[in-house]
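Engineer: The structure that follows is given in the form of structure tokens.
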Amino acid sequence: MKGLFLVEPVVALYAFSSFLIYPLVQQYVYRRFWEQLTNTTYPTADNTSRCLENNSQSSYHEEVQKQASLFSLYTDLFSTLPSLAVTLLLVAYSDRAGRKITVVLPLIGTLIYTLSFLTVSYFELNIYWLVGSSLLSSLFGGLSTFLGGCFAYIADLCADGRQKTLRMAGLDMMIGLLAGVASITTGYFVRAAGFNWPFITSALCQCLVLLYAVFILEETVGRVPHDAVALDGTPQSSALRHMMSGVYQMFARASSRSRISLILLMTIFTSFSFAYIGGISLMTLYELNKPLCWTEILIGYGSALSTTVFLTSFVGVSVFTYCGVPQLVIVLMGIVSVMSGMLLLAFTKTTFLMFVVRVPMLLSIMPFPVLRSMMSKIISKSEQGALFACLSFFENLTNSVSVAVFNSAYAATVAWFPGFIFLMSAGLCCIPLFVLGVVGVIGVEAAVKHREEAPTGEDEPSDNTPIVS
């Protein structure tokens, strides 16, 4: 059977199955802590009964928020280090072993986590078993490993810079669209059938996408690239040695201008990811808190509306790219979009405004595919895996640290100002804005364009790769 060079179906089904359960994690943990601390069942009839000031359970409310936030912190800390190591190793080694290994292993890990969650929910086991299952699944990689492999897969197939940008933005759009559908479905699922059926549905979808990835998805790396780097001069180096040499040579073989461009773009990427993910990760807890006190139905609609940013960001990237808008300007618009949304979110107290504040953030995903495409054009084809391994590693590291920092800050400030973490997110967006300004002032983008147009000479062996335009 002839395989297909289409990774988009894998990303789409993975996004649907993952976001079918991701919104449930905080809700399920929140309900379990509520029941443990109050010795009562969680109120589901409406979204105000548990938030009334004269309610005898109101004294437990802040404690439940703190415990749920700290649980998220523990889960993230225990899964970070294994996931970081596996991401850097697998995605870099995929330059030799093939991209499919970076897709299949994270799918197996996600399936293990989903089945563990189903077991804990069905048998009402101690919720701290979920920390152990998160640690186990991280040994197979994680979302960063999966996306790193998928973006490297796209980079293998696309020679044209504009096509590469649009296909990478298309992956982000698919994640958003399917995540939105899953988020809406989740609320009604929980209301009608409890937590178990969403986990079962997610596990079945993950089995389906795993079969597609193993038997239908074609490999893009059929042999060792002729210009790949090996420390011992042979194509059969160990995974660890290849990872180390590939990442090192990615910087060492580049010209000084290329290295400056790459480092600055990575700084923008990671600092923006830190600020954005940290703020977004606590929206569900904020919605469960007073005075909003959202139900699972409202949370589902809110999550679905939040994921429309993937679609609008894809449209934005497509339109701006077609109109010839400079890529750094596209990145600037995305960062400003996040800053404005977070500032408004910090002072939102009503359900209507909670939906409205998502509108300024409609372009918030645009920086990610644009920056990935810009960095991909700096690196040679044989080093795409090393590049996306570094990106996935730093993205996973910054996101994990971000979630830990923001959860700790939320636990410390929820009693006096729950919106403080959103102000912190907006403030941290000043860092990528500053670096972006540095890039604009020193003229890296213009210099890179000149470098791309310049012919390759024998006296400049390091200047043999195209640079950002």
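Here, residue 1 is simply the first one shown, and the rest follow in order.
Each Cβ is built from the backbone N, Cα and C atoms, and glycine gets one as well.
Those TrEMBL annotations? Automatic predictions, nothing curated.
In case it helps, TrEMBL gives these features for our protein:
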- 5-25: transmembrane segment (TRANSMEM)
- 71-91: transmembrane segment (TRANSMEM)
- 103-123: transmembrane segment (TRANSMEM)
- 135-159: transmembrane segment (TRANSMEM)
- 171-190: transmembrane segment (TRANSMEM)
- 196-217: transmembrane segment (TRANSMEM)
- 260-286: transmembrane segment (TRANSMEM)
- 298-321: transmembrane segment (TRANSMEM)
- 328-347: transmembrane segment (TRANSMEM)
- 353-374: transmembrane segment (TRANSMEM)
- 386-410: transmembrane segment (TRANSMEM)
- 416-442: transmembrane segment (TRANSMEM)
Engineer: Against which stretches of its own chain does the transmembrane segment (353-374) lie, if we need a Cβ under 8 Å and a gap of at least six residues from its ends?
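Structural biologist: Distant contacts of the transmembrane segment (353-374): 151, 161, 164-165, 168-169, 171-172, 176, 265, 268-269, 272-273, 276, 287, 292, 294, 301-302, 305-306, 308-310, 312-314, 316-317, 320, 327, 330-331, 333-335, 337-338, 340-342, 344-345, 388, 391, 432, 468.
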Engineer: Under 8 angstroms, Cβ to Cβ: which one of 71-91, 103-123, 298-321, 328-347 has the largest number of such pairs with the transmembrane segment (171-190)?
Structural biologist: 298-321
Engineer: Can you work out which residues elsewhere in the same chain, 6+ from the ends of the transmembrane segment (196-217), have a Cβ less than 8 Å from its Cβ atoms?
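Structural biologist: Counting only partners 6 or more residues beyond its ends, the transmembrane segment (196-217) has Cβ contacts under 8 Å with 1, 3-4, 6-7, 9-10, 13-14, 16-18, 20-21, 24, 100, 103-104, 107-108, 110-111, 114-115, 117-118, 121-122, 185-186, 189-190.
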Engineer: Mind checking which residues of the chain, 6+ beyond the ends of the transmembrane segment (103-123), have their Cβ under 8 Å from one of its Cβ atoms?
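Structural biologist: Same-chain contacts beyond the flanks: 7, 10, 14, 17-18, 21, 25, 28, 86, 90, 129-130, 132-134, 136-143, 145-146, 149-150, 153, 195-196, 199-200, 202-203, 206-207, 209-210, 213-214, 217.
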Engineer: Report, as numbers and ranges, which residues of the same chain sit near the transmembrane segment (386-410): CB under 8 Å and 6 or more residues beyond its ends.
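Structural biologist: For the transmembrane segment (386-410), the sequence-distant neighbours (Cβ-Cβ under 8 Å, at least 6 residues beyond its ends) are 65, 69-70, 72-73, 76-77, 79-80, 83-84, 87-92, 94-95, 142-145, 147-149, 151-152, 155, 243, 246-247, 249-250, 266, 269-271, 273-275, 277-279, 281-282, 285, 372, 375-376, 379, 418, 420-421, 424-425.
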Engineer: At least three Cβ pairs under 8 Å linking the transmembrane segment (5-25) and the transmembrane segment (328-347), pairs spaced 6 or more in sequence?
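Structural biologist: Contact criterion not met.
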Engineer: How about the transmembrane segment (135-159) and the transmembrane segment (71-91): at least 3 CB pairs under 8 Å, pairs 6 or more apart in sequence, or not?
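Structural biologist: Yes, the transmembrane segment (135-159) contacts the transmembrane segment (71-91).
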Engineer: With a Cβ cut-off under 8 Å, give me the same-chain residues at least six positions beyond the ends of the transmembrane segment (328-347) that come close to it.
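Structural biologist: Sequence-distant neighbours of the transmembrane segment (328-347): 268, 272, 275-276, 279, 283, 286, 313, 316-317, 320-321, 353-354, 357-368, 370-371, 419-420, 422-423, 425-426, 429, 432-433, 436, 439-440, 445.
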